[in-house]
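**Student:** Relevant sequence annotations retrieved from Swiss-Prot are reproduced here:
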type	residues	note
MOD_RES	Ala2	N-acetylalanine
DOMAIN	3-83	domain 'GST N-terminal'
MOD_RES	Lys4	N6-succinyllysine
BINDING	Tyr9, Arg45, Gln54, Val55, Gln67, Thr68	glutathione binding site
DOMAIN	85-207	domain 'GST C-terminal'
Amino acid sequence: MAGKPVLHYFDGRGRMEPIRWLLAAAGVEFEEKFLKTRDDLARLRSDGSLMFQQVPMVEIDGMKLVQTKAILNYIASKYNLYGKDMKERAIIDMYTEGVADLEIMILYYPHMPPEEKEASLAKIKEQTRNRYFPAFEKVLKSHGQDYLVGNRLSRADIALVELLYHVEELDPGVVDNFPLLKALRSRVSNLPTVKKFLQPGSQRKPFDDAKCVESAKKIFS
């Protein structure tokens, strides 16, 4: 029997958080090995674990996978969260890439210089309210189904619900303006695996605070 996946990253959200979400939603237990110093990262580089010299890296099924999208694609395929055919996969990819466009803005926000944060937050709020959330609300309205693609849970739903939580940390109450997105969040959040992940003490990471930002700088800068 294969061991648990092992996630190599620092103790923060970053590019590993969607991987944590997807594994948790799939009901997969995983271990984490946190980088704490530049030396920790250097050791992974020197032993050949990091193909492109960077993390996230996930040990799974005898592989050492890098590149966030590749890792997510593998997990989604392995645990039947990637649609039933090529067309559904294409739509799922389109939706998850849209989510990623906004998520990357949120990811960088805590790490920005103080003088740039106000403009960045304003852009996040504007893009959320006028571009991304209306687009996904329209999708759900167009087919009237419980999930984004094929009327069953996929990685697109999980990525979107993660995004809804992250946006509300910066723009509280914004999801209330989008009733179908709010219903999707409730639906996914009440799935037993996701509900467990949302509980205190899980491997879900909090918003990157100043301490987390400093820890990341010690490793990566």
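Keep in mind that glycine also has a Cβ here, set from the backbone N, Cα and C atoms.
Keep in mind that this is a model prediction, so the values were computed, not measured.
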**Student:** Looking at the binding-site residues Gln54, Gln67, Thr68, which sits with the largest number of other Cβ atoms within 10 Å of its Cβ?
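**Tutor:** Counting Cβ neighbours within 10 Å, the top one is Thr68.
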**Student:** Quick one: DSSP breakdown of the domain 'GST N-terminal' (3-83) into helix, strand and coil?
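**Tutor:** Its residues divide into 32 helix, 18 strand, 31 coil.
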**Student:** Are there any residues in the same chain, six or more apart in sequence, whose C-beta is under 8 angstroms from the C-beta of Val55 (glutathione binding site), and if so which?
**Tutor:** His8, Tyr9, Phe10, Arg15, Met16, Leu35, Leu41, Leu44, Val66
**Student:** Can you grab the distance from Thr68 (glutathione binding site) over to the residue listed as 'N6-succinyllysine'? Cα atoms, rounded to a whole Å.
**Tutor:** 18
**Student:** Could you give me the DSSP helix, strand and coil counts for the domain 'GST C-terminal' (85-207)?
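**Tutor:** Final tally across the stretch: 93 helix, 0 strand, 30 coil.
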**Student:** Could you round the CA separation between Gln67 (glutathione binding site) and the residue listed as 'N6-succinyllysine' to a whole angstrom and send it over?
**Tutor:** 19
**Student:** Measuring Cα to Cα, how many Å separate Gln54 (glutathione binding site) from Lys4 (N6-succinyllysine)?
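**Tutor:** That comes out at 22 Å between the alpha carbons.
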**Student:** For Lys4 (N6-succinyllysine), just count the other CB atoms lying within 10 A of its CB, please.
**Tutor:** 12
**Student:** Between Tyr9, Arg45, which of the binding-site residues has its C-beta surrounded by the fewest other C-beta atoms within 10 Å?
**Tutor:** Arg45
**Student:** Determine the mean pLDDT over the domain 'GST N-terminal' (3-83), rounding to the nearest whole number.
**Tutor:** 97
